[in-house]
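TrEMBL annotations:
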type	residues	note
DOMAIN	1-384	domain 'Major facilitator superfamily (MFS) profile'
TRANSMEM	54-75	transmembrane segment
TRANSMEM	87-108	transmembrane segment
TRANSMEM	114-136	transmembrane segment
TRANSMEM	198-222	transmembrane segment
TRANSMEM	234-251	transmembrane segment
TRANSMEM	263-282	transmembrane segment
TRANSMEM	294-318	transmembrane segment
TRANSMEM	330-350	transmembrane segment
TRANSMEM	356-377	transmembrane segment
Amino acid sequence: WIVSTLLAGATVGSFTGGTLADKFGRTRTFQLDAIPLIIGAFLTATAQTVQTMIIGRFLAGIGIGISSAIVPLYISEISPTEIRGALGSINQLFICIGILAALVAGLPLAGNPLWWRTMFGVAIVPAILLAVGMAFSPESPRWLFQQGKIPEAEKAIRTLYGKERVAEVMYELRTAGQGSTEQEAGWFDLFSSRYWKVVSVGAALFLFQQLAGINAVVYYSTAVFRSAGIASDVAASALVGASNVFGSAIASSLMDRQGRKSLLMTSFSGMAASMLLLSLSFTWKVLSPYSGTLAVVGTVLYVLSFSLGAGPVPALLLPEIFASRIRAKAVALSLGTHWISNFVIGLYFLSVVNKFGISSVYLGFAGVCALALLYIAGNVVETKGRSLEEIELALNPTT
């Protein structure tokens, strides 16, 4: 429950984040988000009972859910078209660096069993930095334009791109017909015939991302590495984390050159092949002398493949393909799908493994990756090199 409560809180937060971002703006929502992050970290660091720990984890989860919905939204709305992909994937890169840093932060636990309180307490620092940093960060020009705050939108554009691009960006915003013609969408609008096709793509990408087995592979990686003779759990986790960072760094350099769709296709192809290798390494007797080594290679290749596309692309692609009036809520809905599926996998993965065996489960994950490839080929559009307004007009010609 202590582990899963964070994911339940993140689900709540991801749905809340879209509404808050539409009402108060992107930067103010980040500042509000710091409140549950700080209180949650404080409660978990000082908890004397399991109940207090669960409340703290739930609050921290709400904060994580809000930021997971707002970060890609904000990045996509303030980024110049030509480097939007790189900036979006740099966000994923730093998430991976943060995970690696969190793993390293656990090293003193071996010598000091009470170190876990300090670990939770340290989480207060980035939450405070987020609140302070956003006080100096420009608001999304697109959100300001939607609110009819034209002078503020022009000021934000000057801050972000320089005064020479103000007229160009304002023209794009006006051409897309944002803000002045239609109000922000309600939740039920997401399921209308006008928007459901594109909203379903967002939900499906996050569903495939989770059902393809990334968290299961990470959860099970220490056992896989032990079978290959790597006794240190920290070393195993660090190798997985380092693979994630390396793949994300490559993705950030390729995102605006190769395009989002091609990276997704490459990524899920590599994940399917890696899962097949993992499954066979546990079942084929001819491979049994090498099973430990093959399992480690399969795990590392899977994480590398994931971090090339399936990891960073959905969070970047979704704010690009959603129309401005549904963008915040549609991103929130898609992220809600992510957290719910994450929660379910975290809760039931070991039970399913005990019933069917790890080889069968990995084979199932390979099948999900293959289905994802077919779905992406038929439903995902390429957004590389196109402004948000161009994408919006192409996908929603009636707006």
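Going from the start of the chain as shown, residues are counted 1 onward.
Yeah, the Cβs are placed from backbone N, Cα and C, and that goes for glycine too.
Because TrEMBL annotations are produced automatically, they should be read as predictions rather than curated entries.
Remember, it's a predicted structure, so these values are computed and weren't measured experimentally.
Counting Cβ pairs under 8 Å to the transmembrane segment (54-75), the stretch among 87-108, 114-136, 198-222, 294-318, 330-350 with the most such contacts is 330-350. In this chain, the transmembrane segment (87-108) touches the transmembrane segment (234-251); three or more CB pairs sit within less than 8 A of each other, excluding pairs fewer than 6 residues apart.
For the transmembrane segment (198-222), the partner stretch with the most Cβ pairs below 8 Å, chosen from 114-136, 263-282, 330-350, 356-377, is 330-350.
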